[in-house]
Amino acid sequence: MNCSISGEVPEEPVVSRNSGLLFEKRLIERHISDYGKCPITGEPLTMDDIVPIKTGKIVKPRPVQAASIPGMLGMFQNEWDGLMLSNFALEQQLHTARQELSHALYQHDAACRVIARLKKERDEARSLLAQAERQFPVSAPNAITANAPVLSNGKRAAEDEDLAPGAKKIHPGISSSIISELTDCNAALSQQRKKRQIPPTLAPVEALEAYTQISSHPFHKTNKQGIISLDILYSKDLIATGGIDTNAVIFDRPSGQILSTLSGHSKKVTSVKFVAQGESFLTASADKTVRLWQGSDDGNYNCRHILKDHSAEVQAVTVHATNNYFVTASLDGSWCFYELSSGTCLTQVYDTSGSSEGYTSAAFHPDGLILGTGTTESLVKIWDVKSQANVARFDGHAGPVTAISFSENGYFLATAAHDGVKLWDLRKLKNFRNFAPYDSETPTSSVEFDHSGSYLAVAGSDIRIYQVANVKSEWNCIKTFPDLSGTGKNTCVKFGPDSKYIAVGSMDRNLRIFGFPGEDAPTES
């Protein structure tokens, strides 16, 4: 039986007492409330005239739409659309679940890395603490040559300076008084740097653009040619060079005369440095030693200490701003902090990360509390001198880091390697500019800021001078000096006082001076 109104089988059937017609209860109730009469006969009808009918549970017949082929096609279409929508919703849920899982795995991996780094730092701290505990009881300085006699120029060290085989070197460590001295120096220099101004006597860009070679001086022996290290004492305008011939030469630029030739090393001199006003002089060598020379009234230098704390080639020596301490860096993977007055190695620092690379270059930050080192594995490591902890690492170079130089403003660090020069912002610990002046077969041998922090010199197959700018501005190459040595290997470069000249060492054993033409300069040697 079908409802007289809808024509479908009613779910709640009722019948009219007056007409005997069958209705769906909800439909007839609504019709009576609206019109008050039977929808079929039109006779008056009330809810009291409606009688419910109890029926058994039966299977509903097919709907009207299923009675024809178009209706069935429509049903199938609706069911297909519903299935596709459901499938799309499931795919979206799956994609969301995958993203959440990926994020969770990334967080887990990051957490594992942080835990590993913290464990590594903990182990390093424990190692440093154990080293400090071992060093703390030691009170007497133990420099290798603390009692060594002063040696004259050209004489070798006595054989009794060597340690007994297998003897362990004990270092007293950097005391709290020394740390206070370094901190006070840092505070004073930092305060001065805030008021720093470019000196009016500095050579302007126009002068550097006109520089040309004004003199050339052949130093060192002819059978082992090559100048590989260079330093300038600004107060006296002295130039020191270190050569492959195992000698160091002190040269008076104004007079054009060699003041002293320092002999004693058995292999090439890799680094030279003046100390203070030239009273002391340092040389590092591939023979694993560092020599501390003392100046005399007659202009000569006598060897006061021979330091043998390293077990491989000593590649660099750098002097602290107090002129009371210096650091040496070696291919044995360590750097040593020395007291100048006694020649005592206060501490020898190894990288506790387990890396095996050696150090190829080193330089103090102008404020003196930070030390930069370059390695054979293309890394630049920054150390806190007070704690001797490695506080930062810069990577990205190709080949050993041949030279590093801090700018006088304290913000910039320039590093040189086989792939060129990289400039680093020490405030953000990031690389902000790269120079690749030479081809892939020509390494960059040296990089050097001038004392004012206004110019940057790069040495390789030629010499290039850049004008220092800020992080965002372009650093323009204002002058390129061609290779006049014929070797294609300019090994070291240094700015003279106020950048009035530029000193260049190369593999043909000649020290070349580039300056403004017409200036009073010594004739070529």
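Cβ coordinates come from backbone N, Cα and C, glycine included.
Noted in TrEMBL for the protein shown:
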DOMAIN    1-70  domain 'U-box'
REPEAT    262-294  repeat 'WD'
REPEAT    307-348  repeat 'WD'
REPEAT    352-393  repeat 'WD'
REPEAT    394-434  repeat 'WD'
The repeat 'WD' (262-294) versus listed stretches 307-348, 352-393, 394-434: most Cβ pairs under 8 Å: 307-348
Residues in the repeat 'WD' (352-393) grouped by DSSP into helix, strand and remaining coil: 0 helix, 22 strand, 20 coil
Intrachain residues whose Cβ lies under 8 Å of the repeat 'WD' (394-434), provided they are six or more past its termini: 190, 193, 196, 360-367, 370, 372-382, 440, 443-449, 451-453, 456, 458, 468, 471, 475
Averaged pLDDT, computed only over the residues in the repeat 'WD' (307-348): 93
